[in-house]
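What follows is one structure encoded as structure tokens, with my remarks underneath.
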Amino acid sequence: MHEAAIVESALELILAKAEEHHLTKIRRITAKVGELSGALPEAMQFVFLNASQGTIAEGSDFIIEQVEATASCGSCDITFPIRFYHPVCPSCGGLDNQVLTGYELYIDTMEGD
Amino acid sequence: MSSIKVVTNILKVNDELTRENKKLMNQKGLYVINLMSSPGSGKTSILEKVIARLKNEVKIAVIEGDLYTTKDAERIEAHGVQVVQINTEGGCHLDGQMIRNALSHLNLEETNLLIIENVGNLICPASFELGEDLIITVLSTTEGNDKPQKYPRMFEKSGIVILNKVDLVPYTNFNKDEFHKDIQEINPKANIIETSCVTGQGIDELCSWLKEKISISNPV
Ligand SMILES: [Zn+2]
């Protein structure tokens, strides 16, 4: 389960940021996780619950916003959602399209005192 | 209460370590392969064939990632090339820190080609870049041709997709046409090589491909 490694990495980052901003309690964290990132939000929540225990992030709301996967076709000049990981252009059927979103895996914001 | 805009990549720590590792690999003129597959696909067998074929022409070193055992590393070591074993102790992938430790145990002056055999797993290793020049993913015919659709990330990032155990196709329900079509859709740039470690099919093709790549990255 690589969500464990991802969440531990995220927590390290959050705690460092909190220290930088002199927070003593973290209340809320939002993360953006793309559909194509390979990380499952439920698993991330589960790991966070355990990994944050005993830290200033314990008990905080860990909110995961999923980002839809989209791509754009250079020939048709359109943006479309990717279905089942296949960036097939719905207009021309072309395959060589640029993936725009879906690989996000980052901490967006945090709130605390 | 204060609100802080963070916007930092979660894999930042790994990315930074990987960037440093990559710098070292470049300085030493290494061509680096990240070899991935699910368990039992035969990637160690393929690696053995490739090493036997190339070791007199190319100086090869191997980093062996394994959950607990040293079996694969022992098989590779028997071919007389440098091997470092990383036991992840349950971890499902290799990361930048592990590679950094492994690099410090290798004589990089005596290496042109570094092959990292990742932990057998089609999901997690695809999320952690290791500074590789090429990702090779091995799928075996006994696993079924639905795997690329189920775990596309790894196939999407691969320069070469190896279909191993093609000698067993008649005994499985593996659909080669669907497999080729799926790879074409997920990653039109991937080179597909069909191999069999029993008949030796595809090993020459794979070795020529690698030799060409290594000579491009290390001009004499
Ligand atoms: Zn189009």
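Every residue number used here counts from 1 along the chain in the order it is shown.
Positions of Cβ are set from backbone N, Cα and C atoms, glycine also.
Any TrEMBL annotation is an automated prediction that lacks curation.
As recorded in TrEMBL:
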BINDING   A:HIS2  Ni(2+) binding site
BINDING   A:CYS73, A:CYS76, A:CYS89, A:CYS92  Zn(2+) binding site
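Overlay of TrEMBL annotations on the structure.
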residue: A:HIS2; record: Ni(2+) binding site; DSSP class: coil
residue: A:CYS73; record: Zn(2+) binding site; DSSP class: strand
residue: A:CYS89; record: Zn(2+) binding site; DSSP class: coil
My list of binding-site residues is A:CYS73, A:CYS76, A:CYS89, A:CYS92; which of them have a Cβ under 8 Å from any chain B Cβ, in sequence order?
none
Let me make sure I understand the structure: which of the binding-site residues listed (A:HIS2, A:CYS73, A:CYS76, A:CYS89) has the fewest other Cβ atoms within 10 A of its Cβ?
A:CYS76
Near A:CYS92 (Zn(2+) binding site), which residues of its own chain have a C-beta under 8 A away, given they sit six or more steps off in sequence?
A:CYS73, A:SER75, A:CYS76
Whole-number Å distance between the CA of A:CYS89 (Zn(2+) binding site) and the CA of A:HIS2 (Ni(2+) binding site)?
31
What is the set of residues, excluding A:CYS73, A:CYS76, A:CYS89, A:CYS92, whose C-beta falls within 8 angstroms of the centroid of the C-beta atoms at the Zn(2+) site?
A:GLY74, A:SER75, A:ILE78, A:PRO90, A:SER91, A:GLY93, A:GLY94, A:ASN97
Would you mind sorting out which binding-site residues among A:HIS2, A:CYS73, A:CYS76, A:CYS89 put a C-beta under 6 angstroms from ligand 1?
A:CYS73, A:CYS76, A:CYS89
